[in-house]
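Participant: Here you go, one structure.
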Amino acid sequence: MDMNLLQSPAFRSRADIVLGPFRRKAASVSGIPRLPDYSEYDMSMSQVLLSALVGAGAMGFVAWTFFQSPIALFLLGAAGLYAPLLRHRQLIRGRQAQLKLQFKQMLAALSSSLGAGRSVESAFAEALQDLGLLYPDPDTMIVREVRMILRRLENGETIESSLLNFSVRANIDEISQFTEVFVTCKRTGGNLVQVIRRTALVIQDKLDIEQEIGVMLAQKRFESRVLSAAPVLFIAFLVWTTPDYMEPLYHGGGVVIMIGALLVLFACYLITQKIMNIKV
């Protein structure tokens with residue numbers, strides 16, 4: 001087997017989906033805790049099966065509505081089995097979005113402590129207390145990460161290595177940028193408190209803009225999904241109520257028309273998703 005294929009992101013994503021439940025079970029049996037990697041997500045077996053069932057069912061419905069052919073039903077239904085990979089990516093993006101929002105709250109608490117004249121280490125300790133008020137659950141991602149940073153400091157590790165470890169596992173641009181500025185300033189001997197405070201404020205503003213854009217686009221995303229599903233449901237309604245009227249579309253040249261219509265719908269969906277994928 002080609003080693004490049006084994007190292008490709010798509011192959012690793014599929015492997016994560018299939019092997020995720022077994023990895024969790026092995027970790028629980030061995031008793032060795034795993035540091036969370038926020039660029040991965042271990043889907044449970046029920047999540048994999050449910051998303052595959054929903055994907056295959058939805059694509060099968062589209063296939064039967066447009067073609068009423070067992071071959072099309074089999075082909076598009078099999079394509080729906082790709083749904084667990086899409087769901088896997090969606091869960092990763094959702095968790096990273098939550099972590100990004102929580103990181104913004106941490107930056108606010110950190111900036112406040114630094115502005116009061118605290119050292120960086122003391123600022124992280126006070127930030128943990130403030131985050132505990134916002135997120136009472138001790139297993140909240142950012143609370144767990146800040147607590148881990150403080151524990152590493154108690155064990156004699158540097159704060160730079162702790163932040164680098166966090167940024168690598170988070171795989172989020174804002175966290176990586178903050179860590180890069182922090183490490184650079186620490187090594188060059190700059191005014192660490194002032195630089196980190198300004199950097200935190202800039203990243204906060206960026207995250208605020210991203211959040212506002214996300215709120216404005218939420219309704220548009222819902223509308224695009226409704227508009228994408230409406231033609232399929234309308235054709236299904238016509239097939240159910242007036243089958244004789246729709247019969248010519250399932251034979252001869254009508255099949256070509258239905259294929260073209262389905263391709264146009266798919267292209268429109270991809271275009272709308274591309275338009276609404278706004279990055280700050």
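Using N, Cα and C of the backbone, Cβ positions are placed for all residues, glycine too.
Pasting the feature list from TrEMBL:
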| type | residues | note |
| --- | --- | --- |
| TRANSMEM | 70-86 | transmembrane segment |
| DOMAIN | 107-239 | domain 'Type II secretion system protein GspF' |
| TRANSMEM | 226-243 | transmembrane segment |
| TRANSMEM | 249-271 | transmembrane segment |
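Provide an account of the burial state, proximal residues and distances for the features listed.
Facilitator: For the transmembrane segment (70-86), the list of distant contacts is 13-14, 17, 43, 47-48, 51-52, 54-60, 62-64: same-chain residues at least six beyond its ends, Cβ to Cβ under 8 Å.
Looking just at the domain 'Type II secretion system protein GspF' (107-239), the mean pLDDT is 88.
Beyond the ends of the transmembrane segment (226-243), by six or more residues, the same chain brings 61-62, 65-66, 68, 261, 265, 268-269, 272 to within a C-beta distance below 8 angstroms of the stretch.
With a cut-off of 8 Å between Cβ atoms, the residues of this chain six or more beyond the transmembrane segment (249-271) that come close are 62, 66-69, 224, 228, 231-232.
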Participant: Over the span of the domain 'Type II secretion system protein GspF' (107-239), count residues by DSSP class, listing helix, strand and coil in order.
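Facilitator: When I sort the residues of the domain 'Type II secretion system protein GspF' (107-239) into the three classes, I find 114 helix, 0 strand, 19 coil.
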